[in-house]
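J.: One structure coming up, written as structure tokens, with questions to follow.
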Amino acid sequence: MLKAFSDIPRVLEERRAQSLYRERTRLDGAQQVHTLIDGRPMLSFCSNDYLGLANHRAIARRLTEAVAAHGTGAGASHLVNGHHAEHEALEDELAAFTGREAALVFSTGYMANLGVISALMGRGDTVVQDKLNHASLIDGSQLSQARLLRYRHNDPIHLEERLKQAQGKCLVVTDGVFSMDGDCAQLKAMSELCQAHGAWLMVDDAHGLGVLGDQGQGLVGQCGLNESDVPLLVGTLGKAFGTAGAFVAGRRSTIDYLLQYARSYIYTTAAPPAVAAATREALVLVEQADDTRAHLNRLIQRFRQGVGQLPFELMPSHTPIQPLLVGSVDAALHLSQGLRERGLLVTAIRPPTVPVGEARLRVTLSAGHSEADIDRLLNTLEDLA
Ligand code: PMP
């Protein structure tokens, strides 16, 4: 805790002493699995570019064409005059993709979550959240000033207890695929509980959309849940879609309301129209990518089977997020460093991002990887073990 501004150097020193000081890894090459880090070739297992679209030629071409046609910047917020036909077409296409009446595009997922929760909820209301939800969801409910109740990770029984304690409007919020564990929320059970208690369910499927389900429909689509089961569906566009931004999809009236009241939508410059154009191209590719998703699933199976032979603890995940639970911060950093010296980039995730004692290597797999890439990671892990 920072008690006085003069404490800043001491607080930084303490963070270093606890091995919790965060450093940025500098990419000198493109965001792809074979890249350059600090000028050295590196095989990366860190990005959320699950389908390998961040460097797709057709998306890049569409982006440059749209920059030539519409310029580099939106120049204003959506409600002033930064709202472009490309944004609107993207919203319509995202609504159709998710089977919702309407969608609203935000500049980032963090802002979407802040805006949606704080616009809909207020003092006297209750937001109920999974213990492992993404920081942006927690921050959104704090901003709303509603009461925040948390339930044990992926535990519908504890969720029901929380629902019984709720007052005012109640919004239940969950990640679809949990970003640090890779497991999936039990959406069907959750949506039934929400309906029984008159609560709304909001799912942030940042890591599921594009990755899970036929045509990349995400966890919500895979569970067959519609707009009344999940009135608020958030997706991000900087992960499987390979571009940037986010959206919320739902009933037309809900989206109209958010357009009026979501402050992180209203009081910020719209994303460049060219990014929206590029995302429209990405959306077409995501829908057509069933073969790519099948390849990715084979890589996931191969990795899990391989780790099964090694002295590392896997987590119950069938998604491209395949963390290896290590425990202590120092052990996680040591492993990550060992991999890096051998040309493999795998980030160590430490508290406060994950609970104390649960430091891990967050391995993320991408369709850009080959089977040989997975085997190289497995062989190197075996050497380090
Ligand atoms: N939700 C989840 C579950 C996430 O993992 C992230 C980003 N890692 C976000 C929201 C934020 O999205 P963005 O990066 O577009 O701000």
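Backbone N, Cα and C define each Cβ position, glycine as well.
According to TrEMBL, the protein carries these features:
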- Arg22, His134, Thr353: substrate binding site (BINDING)
- Gly109, Tyr110, Ser179, His207, Thr236: pyridoxal 5'-phosphate binding site (BINDING)
- 41-380: domain 'Aminotransferase class I/classII large' (DOMAIN)
- Lys239: N6-(pyridoxal phosphate)lysine (MOD_RES)
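Could you place these features in context, so I can see how deep they sit and what lies close by?
T.: The Cβ of Arg22 (substrate binding site) has no same-chain neighbour under 8 Å that is 6 or more residues away in sequence.
A helical conformation is recorded for Gly109 (pyridoxal 5'-phosphate binding site) in the three-state DSSP classification.
Predicted-model confidence for the domain 'Aminotransferase class I/classII large' (41-380) is 97, expressed as mean pLDDT.
Long-range Cβ contacts of Lys239 (N6-(pyridoxal phosphate)lysine) within its own chain (separation 6+, distance under 8 Å): Asn48, Asp49, Tyr50, Ala206, His207, Leu209, Gly210.
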J.: For Thr353 (substrate binding site), list the number of other Cβ atoms lying within 10 Å of its Cβ atom.
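T.: Other Cβ atoms found within 10 Å: 16.
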J.: So which recorded positions out of Arg22, Gly109, Lys239, Thr353 are up against ligand 1, CB under 6 A?
T.: Gly109
J.: Give the helix, strand or coil assignment DSSP yields for Thr353 (substrate binding site).
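T.: Once the DSSP labels are grouped into three classes, Thr353 (substrate binding site) ends up as coil.
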J.: How many other Cβ atoms are found within 10 Å of the Cβ atom of Tyr110 (pyridoxal 5'-phosphate binding site), counting all protein chains shown?
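T.: Here the count is 18.
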